[in-house]
Amino acid sequence: MPSSALLYCLILLAGVRPSRGEYPRNESNCTHFPVSQTHMLRELRAAFSQVKTFFQKKDQLDNILLTDSLQQDFKGYLGCQALSEMIQFYLVEVMPQAENHGPEIKENLNSLGEKLKTLRMQLRRCHRFLPCENKSKAVEQVKNDFNKLQEKGVYKAMNEFDIFINCIEAYMTIKMKS
């Protein structure tokens, strides 16, 4: 009899769902993500506006780093990987170098980086936004072009950060519809 009672308890517990406020974090974040998406992008844009003029003045190059092919990757099947790789690119390569170009912007760049990290964390919690494995050739091209520009690459990449935010928004909008 004790084993059947244990089996009954296990079946009962398996059917019990958590109350409304007790969903696992990732499921809750996925449910509320459409609401927070607009807020996160607004915060990213506001943080970027604090450093945008600095980098626009320093960027003397006519070429575009974040090309149409990258934007197409964001809208296509490689969108997940392009987003993931570009966030990593800005956090690991661009922003640390950018901090060295002006102590007056370091605090604002740190704030921008933290907001980007928060976005990445929220995207990862809701697996349908970052379920990716493949590499994006467009991101590789951006990285190669960035490295070829040497010191000027930082100015170019930071000057085009608003294009990156627009790519993030386009990607998330597509994912919200699917």
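Heads up, residue numbers simply count up from 1 along the chain you see.
The backbone N, Cα and C atoms fix where each Cβ goes, and this holds for glycine too.
As the structure is a computational prediction, the values presented were derived from the model and not from experiment.
Positions annotated as disulfide bond by Swiss-Prot, on the basis of similarity to another entry: Cys30-Cys126 (among others).
Counted within 10 Å of its Cβ, the other Cβ atoms near Cys80 (disulfide bond) come to 21, all protein chains included. Per Swiss-Prot, the feature disulfide bond maps to Cys80-Cys132 (among others); the stated evidence is similarity to another entry.
The annotation N-linked glycosylation site is assigned in Swiss-Prot to Asn134 on the grounds of sequence analysis.
The signal peptide feature in Swiss-Prot is assigned to 1-18.
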Inset, instruction - Translate the DSSP assignment of Cys80 (disulfide bond) into the three-state scheme. - result: helix
